[in-house]
Amino acid sequence: GHLHQPFNGQQQHQQMQMNQSPLQMQHQMQMPVMPPLNQQHPPMQQQQLFPPNGQTQPVGQFPPHQQMQMMNQQGPPPQVISPQHTQQIVAAASPATAVASAPTADGWTEHRSPQGIPYYFNTITNVSTYDRPASLSQHLQNGAAAGSATSSPTKASGTSAPATSWQTYTDQNTGKKYYSNGATVTWTRPPELGPDEPADNSASNKRSSASENESSKKKRKKGEKDDGCLYANKAEAVAAFKGLLLAKDIAPTTKWNDVVRICAEDARWEACNTIGERKQALAEYQTKRANELRDVKRQEKVRAKEAYQRLLTDILPTVKTFSPGSSRFMDVRDFLSKDDRFYAVDDETTREELFYEFVEEMRKREERNKRSKKREAKDAYLAFLKLREEDGKFTFASTWASFISSLGDEEKNDSRFIVSANMSESDRQLYFSDYVIELQNAEDEKRRRIRDARRRAEKAQRDAYREKLREFAKLGSIIPSTHWRSVEDKIASDPCYEPVLAQGRDVPMEIFNDFVDDWNEQYRRDRSTLSRLWESSKKEIKLDESTGVDFSKKLLDYSANSPDIYADIRRMSNNEPLSSIMLFFNELKANAGVNSANRRSSLLNDEDSSEDEGEIKEDGEEAE
C-alpha cells in the first residue's frame, strides 16, 4: 500500500537498479536470502534492533500477524544490507540479546531486548509475546538447559575457506549456496575458494540433506503427536496455516503444487490435518489476498493520480507559455518531468489523459469564474439603475441618451456604472434596455389592473341601476310601453342614478330603453297566447270579481287539459320583473274600464237627446 517514487528522476532510478549486487536483485525478486549471522534473532528482537524509521531492515521473517502492519508502516521493502553490517549491529547489542533459552517441547524460547526487557518467541508458530507461556515457566522451574538460538544459517558441510576471507552458506528454504566475506554477499562462488566440490559429493550431500530433512520431519510429526495438539481449536489451526501462507508470500495465483513445495517443510503446514482442509484454507486465503491486493493497487492508483494532479496544480500555473485552451501535453512535458511526482503514474498515455482532464477542468473552472464575475458586475449595475429610478432620474419612458444626460460626473464615474473587463459598453446598454422593458411591463400591468378594477366597478353600478328599474316595474311605475321622458325625473332622484350618469350622459337612458325593449318583446310573444286563451275562456272567467292572482289560477285550471298551454302559463306566471299574466290582466282591466266609461258617456248623450225631442213634441210648438 505504499507509493514508490523515483529518487531523482527515472534515469537515476534505473541506474540504482544496475548498481545492485546479485543478492540484492534476488531479494527484490522475493527470493529468500539467509543473512550469515552466528545467531538469528527472533522477529520481535530484530524489529527492535532495526526500527522502521527510514533505516534499513535485516532480512528476516516477521511473524504472520505483524507482516501486513510492518509493510503498511514501513513503506518500500527493506533493502539488503551486507553481512558485515548486520554482524556489527548484532555485536553492538547487549550480550543478553544474543542468548536464548532452550526451546520447550512446544517451541517456546526466552530472549531479552537491547533494553533488557524479556520476551518469548515460538519457533513453530513464529509468534512473539511479552507474556511468559505456562510451558516455559514449567520448563525453567525444572532447570532445563539453555539451548541454541531458534534459527541460524547452516554452514555448508565439508567446505573450508580462509578465516578472514570468503565463507560458504546454505539457504535453508532453497538449499542453494551463497558466499560472503563480511562485506559482500553473492550467489557466485568466488575464485578464492577454489574449484567447487565434485558433482558426486554434491549429490550425496543433497541426498544426505534430504534424508535429514525427512527424518526431522518425521521426528517433528512424531513429537507433535506425542506432545498433543498445539492449537486450542480448529479456527486457531486454520489461522496458523493462513499465517504460514502469508509469511511465505503466497500469491493469489500460486498453484497447489507450488504451495506444497514452498510451505511443506514448515511446522505450521501440519496445522490442518487433511489436504482438503489445507486446500480450503488456501482458497479462502487467496480470495482474501486477491481482494487486498486489488484494494492496494486501487489505492496506489488513487494516490498516484492525486500526486500527479498536485504536480499539475503546482507546475502549470508557473509555465508562462501554458494556456488551458491551446496548450498540449508535449508543450509542458519537460517542465513536469523534472519533478519526481511525474513518475508516480507509470504509463505515458495515462499521464497525457490525466493532463487533458485536468486542463479541461481548469478551463471549465475559469469559465465559471468569468461568468460569476460578469454576473456580479451586472447585479451591481442594476442596483445602480434602481437607485436612479428611486431618485426620479429613470422611468419606463427613459432612453439611453436621456438617462446619460441626467447623470452627474460622480455618477458617471461610479465603479458600478463604468465599463470594465466584466462589462462592456454594449453590455451596459443591453442591461439598460432590459431594465426599461421591465419597467414598461410593470407599468402596463399596473394600468391593466386599474382598468380592470374600473370596469368591474362600472359593471356593478349598472347592475344596481337595472335592479332599481325592476323594483319600479314591480311597483307598476314602469310598464313595457313606458317612455323615458315620463319617468326620468323619478329615476333620477334615486342614488343609483348618479354613478351611472358619470359613465356617460346617455347611459341611464340607454339602459332604461334596453330594459323596456326586452320586456316589451317578451310580453308581445306571451300576449298572443294569452289573448287566444282569454277569448276561449272569457265566458267562464269573470274580471269583475277577480284579482291578478285569481286570474292566473283560473287560466292554469282552464289550460290543465292542454300540457303545452299549461307549461306556457306556468312560465308566464314566473316572468321577471313582472309576469306577463299580470300585465295582460291589468290591460284587460284597463280596457274594461275604458269601455265602461265609454258606455256611460254614450248613455248620457242619448238621454240628453231624447229629452230635447220630447219637449218639442210635448209643447207642440213650432220652431221659430
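Using the three backbone atoms N, Cα and C, a Cβ is placed for every residue, glycine included.
Automated prediction, rather than curation, is the source of TrEMBL annotations.
Sequence-distant contacts of the coiled coil (436-463) (same chain, six or more residues past either end, CB-CB distance under 8 Å): 389, 395-396, 398, 496, 499-500, 503, 507, 511. Positions annotated as coiled coil by TrEMBL: 436-463.
The annotation compositional bias 'Low complexity' is assigned in TrEMBL to 10-25 (among others).
Positions annotated as compositional bias 'Low complexity' by TrEMBL: 143-165 (among others).
The compositional bias 'Low complexity' annotation in TrEMBL covers 200-213 (among others).
What TrEMBL lists as compositional bias 'Acidic residues' is 605-624.
For 102-135, the entry in TrEMBL reads domain 'WW'. Restricting the average to the domain 'WW' (102-135) gives a pLDDT of 77.
DSSP labels the residues of the domain 'FF' (301-361) in these numbers: 46 helix, 0 strand, 15 coil. Per TrEMBL, the feature domain 'FF' maps to 301-361.
Annotation source TrEMBL lists region 'Disordered' at 1-25 (among others).
If you look up TrEMBL, you'll see 139-168 (among others) marked as region 'Disordered'.
Annotated region 'Disordered' per TrEMBL: 182-225 (among others), in sequence order.
Under the heading region 'Disordered', TrEMBL lists 596-624 (among others).
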